[in-house]
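Note sheet for the following structure.
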Amino acid sequence: WIMGHMVNAIYQIDEFVNLGANSIETDVSFDDNANPEYTYHGIPCDCGRSCLKWENYNDFLKGLRSATTPGNSKYQSKLILVVFDLKTGSLYDNQASEAGKKLAKNLLKHYWNNGNNGGRAYIVLSIPDLNHYPLIKGFTDTLKQEGHPELLEKVGYDFSGNDAIGDVAKAYKKAGVSGHVWQSDGITNCLLRGLSRVKDAVANRDSGKGYINKVYYWTVDKRATTRDALDAGVDGVMTNYPDVIADVMNEAAYKSKVRLATYEDSPWVTFKK
């Protein structure tokens, strides 16, 4: 999965997919009442990027739906996975469940079209704080209450705070999650970060006993870092330059080992070599 980083304006969906991304990451900011409000990152953000692009969240969802609904004039068949980077740092811990409920209602209405031929992309809810694990139950309970438990097949989870792997496992246990887990590791492109935790996450994934199904590394903009990440065995790389990742994947050393994921590749099933 080549994951386009910080895709917060509707026009950027096409821009990143056309550069080679089959997945995008979108920031979601919340208002004081835990309503998802804007797709907005703000300052500071990655070096070399504008931090200030934004849409109203519901408008972005409608644009995303158009891009991921077969038959729509805006349809992009390659776009199969969307990571919502939930900026819950602005919320009190006791608002996490409420944020999950409201997120579920927004997605159901504006993205899934109330279960009636909505967008087809898989969704990952990425949460920066382990203490906000109740967001997951708020989300899953709401989809069930609204009569659409089947849509949970399309939803996965990520804790993005670079916490110890054991602590993340405990948070999932509390949230009642087993499966559909992506584990992120990374840092802004302005700084360097080693791959030791990525390797731990890959080992957990491949042990057959761990909680992790997929591992992604962020933010990867250079060819050398891309090669290191692919060598470490990641499933996804998040990038500001999807074309760089696509180029590396076409190099002789990687061409026979990795390929771009398609809609038929489940993002929840650990790839067996």
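A Cβ is built for glycine as well, from the same backbone N, Cα and C atoms used for every other residue.
Per Swiss-Prot, the feature active site maps to His5. The 10 Å shell around the Cβ of His5 (active site) contains 29 further Cβ atoms across the protein chains shown.
Per Swiss-Prot, the feature active site, nucleophile maps to His41; the stated evidence is similarity to another entry. Its own atom aside, the Cβ of His41 (active site, nucleophile) has 23 Cβ atoms within 10 angstroms in the protein chains shown.
Annotated Mg(2+) binding site per Swiss-Prot: Glu25, Asp27, Asp85, in sequence order, evidence recorded as similarity to another entry. In the three-state DSSP scheme, Asp85 (Mg(2+) binding site) is classed as strand. Long-range C-beta contacts of Asp85 (Mg(2+) binding site), restricted to its own chain and to partners at least six residues apart, with a cutoff below 8 Å, comprise Glu25, Thr26, Asp27, Val28, Ser126, Pro128, Ser160.
When Cβ atoms from all protein chains are considered, those within 10 Å of Cys51 (disulfide bond) total 15, not counting its own. What Swiss-Prot records for Cys45-Cys51 (among others) is disulfide bond, and it gives similarity to another entry as the kind of evidence.
Under the heading disulfide bond, Swiss-Prot lists Cys47-Cys190 (among others), citing similarity to another entry as support. All protein chains shown were included, and the count of other CB atoms within 10 Å of the CB of Cys47 (disulfide bond) stands at 12.
With Cys51 (disulfide bond) as the anchor, the candidate recorded positions are His5, His41, Cys190, and the one with the nearest CA is His41. Cα of Cys190 (disulfide bond) to Cα of Cys45 (disulfide bond): a span of 9 Å. Apart from Glu25, Asp27, Asp85, the residues listed for Mg(2+), the same chain places the Cβ atoms of His5, Met6, Val7, Asn8, Thr26, Val28, His41, Val83, Phe84, Lys87, Ser126 within 8 Å of the centroid of those Cβ atoms. Taking CA atoms as the reference points, His5 (active site) and His41 (active site, nucleophile) are 11 Å apart.
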